[in-house]
Structures are given as structure tokens and as C-alpha cells.
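A.B. asks: Summarising the annotation, Swiss-Prot assigns compositional bias 'Basic and acidic residues' to 1-11. Marked as region 'Disordered' by Swiss-Prot: 1-47, 211-242. Marked as compositional bias 'Acidic residues' by Swiss-Prot: 19-28. Per Swiss-Prot, the feature compositional bias 'Low complexity' maps to 211-223. Annotated compositional bias 'Polar residues' per Swiss-Prot: 224-242, in sequence order. Per Swiss-Prot, domain 'Helicase ATP-binding' is recorded for 326-487, and the stated evidence type is sequence analysis. The feature ATP binding site is assigned by Swiss-Prot to Leu339, Pro340, Cys341, Gly342, Ala343, Gly344, Lys345, Ser346, with sequence analysis given as support. The domain 'Helicase C-terminal' annotation in Swiss-Prot covers 541-701.
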Amino acid sequence: MGRKDKSDREKKSKKRYYEDEEEDEEVIGGESQEAVPAAAGKQVDESSTKLDEYGAKDYRLQMLLKNDHSSRPLWVAPDGHIFLEAFSPVYKYAQDFLVAISEPVCRPTHAHEYKLTAYSLYAAVSVGLQTSDIIEYLQKLSKTSVPDGIVQFIKLCTVSYGKVKLVLKHNRYFVESAFPDVIQRLLQDTVIRDCRLRSAEGEETELITETISSKSAISKSQQDNGGPSSSQPADGQRSGTQVPEDIFSYYEQMDKEEEEEEETQTVSFEIRQEMIEELQKRCIQLEYPLLAEYDFRNDTVNPDINMDLKPTAVLRPYQEKSLRKMFGNGRARSGVIVLPCGAGKSLVGVTAACTVRKRCLVLGNSSVSVEQWKAQFKMWSTIDDSQICRFTSDAKDKPIGCSVAISTYSMLGHTTKRSWEAERVMEWMKSQEWGLIILDEVHTIPAKMFRRVLTIVQAHCKLGLTATLVREDDKIVDLNFLIGPKLYEANWMELQNNGYIAKVQCAEVWCPMSPEFYREYVAIKTKKRILLYTMNPNKFRACQFLIRFHERRNDKIIVFADNVFALKEYAIRLNKPYIYGPTSQGERMQILQNFKHNPKINTIFISKVGDTSFDLPEANVLIQISSHGGSRRQEAQRLGRVLRAKKGMVAEEYNAYFYSLVSQDTQEMAYSTKRQRFLVDQGYSFKVITKLAGMEEEDLMFSTRDEQQQLLQKVLAASDLDAEEEVVMGEVGGKPQFSRRAGTMSSMSGADDALYMEYQMPRGSKASVGKNIHPLFKRFRK
């Protein structure tokens, strides 16, 4: 019994290895679980839903169809899923509202699917939506009556969220609320009473009642025209008469409320600074999580820095909208902004820093990312070069007089001994009071690393930027309480249709396995199988053909390979430059600069180090030859390398290409389907190519059986370590240097590189060989 259980466990762990992200090794500690309110685990109650005779869910009794249902754009299922008609004339009024209150599940061309979750409703309240607003507008937009279970779920999740705020004013912390009864309820708790600041005589300080005037720190531009974002603006205007009056007037009212200067009466009490963490934990336990807001305009303790946006920096409508969610009430809210790769996340970060105008810390996940952030600050803002300091293993600028510091997660989270110079910089970083911390590629960092980084540096406001808020584990939800709720998420197809990102043709190229390679693939059970389907000669030929085809069109091509053995083999045989983990920073920058500006260098090979933070706007073709199992995030990040809008291209035509080369009848095909899920949900479609036209006419490598046999021998001679994925040193979530792996007896005897080969001797050769043998040895042959 025990042996069977063990084998089952091993099978499961082997399966998970490929599906999980690189960072999944870290286990969330018990302490991180404390910071999640009980309401976050609640689900929509579906117990009242009946099934019809065919086993399908029957919603007819719970949801009554409205008379004017054809002019309403959506319906809400009792399980919390919301279905929106993208072709409806009312689409533009519903799109922004649904993004604010729910999580996008799938957004193809004609119908979009969203899901109400506790976290999405928490985010909605945090950006200013009230419980009554959410329910009322949902009822106005719905084709049917909204199920009672959904109304109860919305009330349950939003009744206490957003009611209490932790505000920093004049370097003093206050718990603030517009609801006096909530403040009184909190003060009845003994732990919170202990956190309250007392006067010199030991008496509690008085409650402060004041009227706050708030207005968005980001004003609307003329090009936005005050309307919601839409992929079909003309349709909405043309069909304006079909919009029901109640939907139109209610949207206008909500939009007006968001932009108008508001006066709110608040009640607050001051908190002892050393008790902040204790207070936050206790408020979460009482189901009143504190929203962190930074009143940066009234912060007189931290000096303003001399930094503004350049006149040439023009924000696009969706960038403005995301920033208005962050600065909606004149204060800076902490949270996450989700924009596609190439849609200008860096400009959003720089604009946020210029709006706050306090000391800013930027964290990326590689030294290349640090250099690019520095270039972005110099490009979009008026900041002086001397005010920017970098802190990486290669570049440690002196932090004296620095206003913007740029570093990596691994540099700040480093726990072992540092050099004297690095220790001094770290002490300086810890001593600073940062106004804003920008966390780039925020999805890649495990919870433990976050806690380490966020406890090392003190920041009033945290802004997370990412293109893919997905992970194969459930750790993505930790971002809600470690940083803040999701403030804004853009629609990829909408940005593509408006020309803000490239129009990409996605294709999956099926490469048949050669008979010799497939025979070995079926026989071998170790990780060397990965090498066999990656080094498949037909895949190599397809890659070579696509490179030649696109180079003739003067395209810029990036080839991605997670496996270093395959990366080197492909690049060296095709005589192309390649970048992987051990490549020095200087060599990387030289290769990337040549790729950008040298017309003779049109193709580069990159390992997984280029998945994120490599800014290559010139690239318009991406070929993927090997990948990290079934990781949806990696597929989307790689597509992002070619998503940047192309200059001088016609928007109606495809102007970027994404090829994923897959060996047929292997495990790679299953992984490929899993990887595409996120992009398919965003509205992309993958074209399957089984035969590349014109490939037979080309003179390609490995066209003969002998060449293929030699390649097979080289692959079989490789060790199991060559089949391992690349471990990127210094990268957050990198796997340890040792690992258990299945081996063979030949490995134990040191015969890993030895090959057994049979040769057929021609007939009569024995006799001819015998003639040349010395008579002395002939006696021993008898």
C-alpha cells in the first residue's frame, strides 16, 4: 500500500513540475495566511440552483427576463459569472464598470465573460464604488433580474471593505473613516485602543472630525472626451438612441462623481507608529481591512523632488484611466495596474512618480530592467541624471543626493554577507522614507520574498505593474493584501484594434518527429526526452526556414529556448548571437544594441533571461523552440516581446508574428495547449500549421539521414544535466543548484558519454584480416 502511494505521489509531483511556475518552490508561511480576511474565502451560494432533465443548470425561476432585454448588454449567472455582449450599443457603458467590479475570465471578439470574486469587489470598493452603486448599476445593465444570491454576496464582501483608511499626514499616522459608527466599533476593541496615541498625561487623544476636499490628481485630457474606453466608439455614438435612458444617466452620474471635487466629513484618531503592523493585523481579523492611502500633497516632512513630465510625454487614454484609479481622490492608493507588454507600463510608473514628487524606489527583476528603467526616467521626465542611482551587482552608484533609486528584488532580498560598499548602500536605503515604491513584473515574486523586501524599505505608497496577473499556483491573491487591490486592467484586443499595440498573428507549427528520434523518445524515460523533442531535426529545419523567410523581409527575429543545450546548438549551427544566464552585462548590451541598430544582425537567440524586462521595440517576429512546461504566464510574456506598436505599419494587417514550434506526438503538444489558455482568453487565436509552404525548395540543414543520425548521437551523448532548464543566477525564484533526477547504471559507472555502436563487416573480411596477423598470435586464435 505504502509503495503504491509513493509512486502516485511521484507521478503527481512529476506532472506538477512542468505546470508550475519557476517561483513555486517557496511555501507560504503561516504568517502570510494571517493577512487574509475571512470574506476573501467566501464563494457565491449556488445551492438553490436546480438542474433540468438534461443535467444543465436551470436559471429560469431565479432570473426573470426584462421586456427591453435586447437593449441591455449583460446577464449575471447565480454562480457569479457575468456574460457581456461586446457588440451591444451599450457595451462601452458596461465595459469599464465590469473591469472595476469583477475579474476578466475570457474576452474573445463577440462575448466577454467576467467573474465576481471577493477580491474584485474589494478592489471596486477601494477605488470609490459603494455597495448600493454596484448593485443598482448591475441591475440596470442586466437583461434579467439579478439573483438574490449575487446581491447577498456583493453586500457580504463590500459591507466592511474600504470603510477604514490608514492615512499618513505630516508624518503622523491616522485611522480615518467617513462612518463614525465604524470608528466607535473599532475603538471598543482593546487591541486597537492600545494602538491609539496617548497624550503626555496618559490620556487618549480626542477624535478629529474634519471636512476633506478631494479631487483627482490626474486630469482628463481632451482626447479622452470624458467617455469610457471602447473598442467600438463609432457604434456607440451611432446607436446612441438605443441606449436605455436609465443606463446612460446612471453612468454619467457615476463618471461625474469620480471627476468632481468632493467634500467628505471624516472622523479619525491618531495611532502610535510602532503599533502599525499590530493594528493592520487586528483590523483584518475584525473584517475591516485598512486601505493605505498617502496624502502626498500635505506631506511636509519628506521633501518634494524636482521632477516633472516632459511636454513630449503624452499619455494614452487607457494610461490616464489607470492613473485616475490610483489618484482618484487626490491621494495615492496602493495597488496593481495590469497593462499588456508594450502598452507603456514604464510611462505609467514614471507619471506616478512625477505626480507624487517624493523619493521613489523602483524594483525590477534583472540588471537589464534596471538600465531600461533609468533610460525611461531620463526619456519621459525632467529629472537630472545625478538624481538617479542604480543598485545592482554590476552598478552601484553613490546614493548621495539621490531622489530615484533603481534596484532588483534579489539585491534587496539578499540574506547572505554583502560587500562593504553594498552594505553602506543598503543601510542608506533602509534609513530613507520612500514616498513611492514601483514594483515591476509584480507577479514573479513569491510571498516570502515580498515580505522580506517590503519590511526592508518603508514606503507610503506601493504600485505594482504587470502584464500577466496569473500564476499556476494560488499565490497571486497574496498581492491583494501585500500591495493592494487591482486598480485597473486593460483589454488586449481593444488596444490592438486602436493601434496601441501590434496586431499579432499567432501560429503553432507542428513538426513531425524523425523516426530515429521518436524511437529513442519512446524508449527513454529520463529528462533526456525533453532534449529529443527540442532537438528534433524537423523542428530545427522549420526554425531555419522561418528565420531565412523573415530575414528576406528585413524583419527582426527573436528565437526563445529555455534549454541552454538547444539554445547553443541552434545558435552556433545557424551562426547567430545568443544570450543566456552567464552572458556578461556588457556583452548583453552589445548584442541588444547591434540587434536594434545594425541591419546585418536581424536574429538573436535568447534563453529564459529575456522573458521579462527586455525592451526590444524593433522585434516583430518571435520563434519559440522550447519552453517551461505549461506556463501561461511565460507564453504571454514572450508574446509581449513583439507587442510594441510598429512604426509605419498598416494597422489593418498583421505586423508581428509569433511562432511556437512543437514536436508532434510528444508531451510538448499537451504543454503547448495549456500555455495558450491565457492568450486565448484575451481574444487571440492560434493558427495550426502542419506544413510550411516552400520548405522543400530550401537548402536546409539535417536534410540527410546521416546528418540526423549524427545529431541524435550528440543528443544521446549529452548528460541529464543538459536536459535541465536554465537556472538564472540571482533571479528571484531560481531553483537550487542541486536536484534529484532519474539516472542510469551507465551514469554510476562514469560511462555517460560512451556510446555503443555496431558496425557490419563486409564478407570475406575475416580472411583478409587473418592474413596480416603475426604467426605468434595465430596460435592463440585457434
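Cβ atoms here come from the backbone N, Cα and C positions, even for glycine.
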A.B. asks: Show which residues of the chain containing Cys341 (ATP binding site), separated from it by at least 6 in sequence, have their CB under 8 Å from its CB.
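C.D. replies: Once residues fewer than 6 apart are set aside, Cys341 (ATP binding site) is near Ala467, Ala636, Gln637, Leu639, Gly640, Arg641, Leu643, Arg644.
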A.B. asks: Tell me, how many other CB atoms lie within 10 A of the CB of Ala343 (ATP binding site), whichever protein chain they belong to?
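C.D. replies: Excluding its own Cβ, the number within 10 Å is 24.
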A.B. asks: I'd like the Cβ neighbour count for Gly344 (ATP binding site), meaning other Cβ atoms within 10 Å of its Cβ, all protein chains included.
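C.D. replies: By my count, 23.
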A.B. asks: Note down the number of other Cβ atoms within 10 Å of the Cβ of Ser346 (ATP binding site), including every protein chain shown.
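C.D. replies: Counting Cβ neighbours of Ser346 (ATP binding site) within 10 Å gives 22.
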A.B. asks: Can you name every residue in this chain, apart from Leu339, Pro340, Cys341, Gly342, Ala343, Gly344, Lys345, Ser346, with its Cβ inside 8 Å of the center of the Cβ atoms of the recorded ATP site?
C.D. replies: Ala467, Ile501, Gly640, Leu643
A.B. asks: Taking the Cβ of Gly342 (ATP binding site) as the centre, how many other Cβ atoms fall within a 10 Å radius?
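C.D. replies: Other Cβ atoms within 10 Å of Gly342 (ATP binding site): 23.
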A.B. asks: With H, G and I counted as helix, E and B as strand and the rest as coil, say where DSSP puts Gly344 (ATP binding site).
C.D. replies: coil
A.B. asks: Give the sequence-ordered list of residues that share a chain with Lys345 (ATP binding site), lie 6 or more positions from it, and have CB atoms under 8 Å from its CB.
C.D. replies: Ile337, Leu339, Asp440, Leu465, Thr466, Ala467
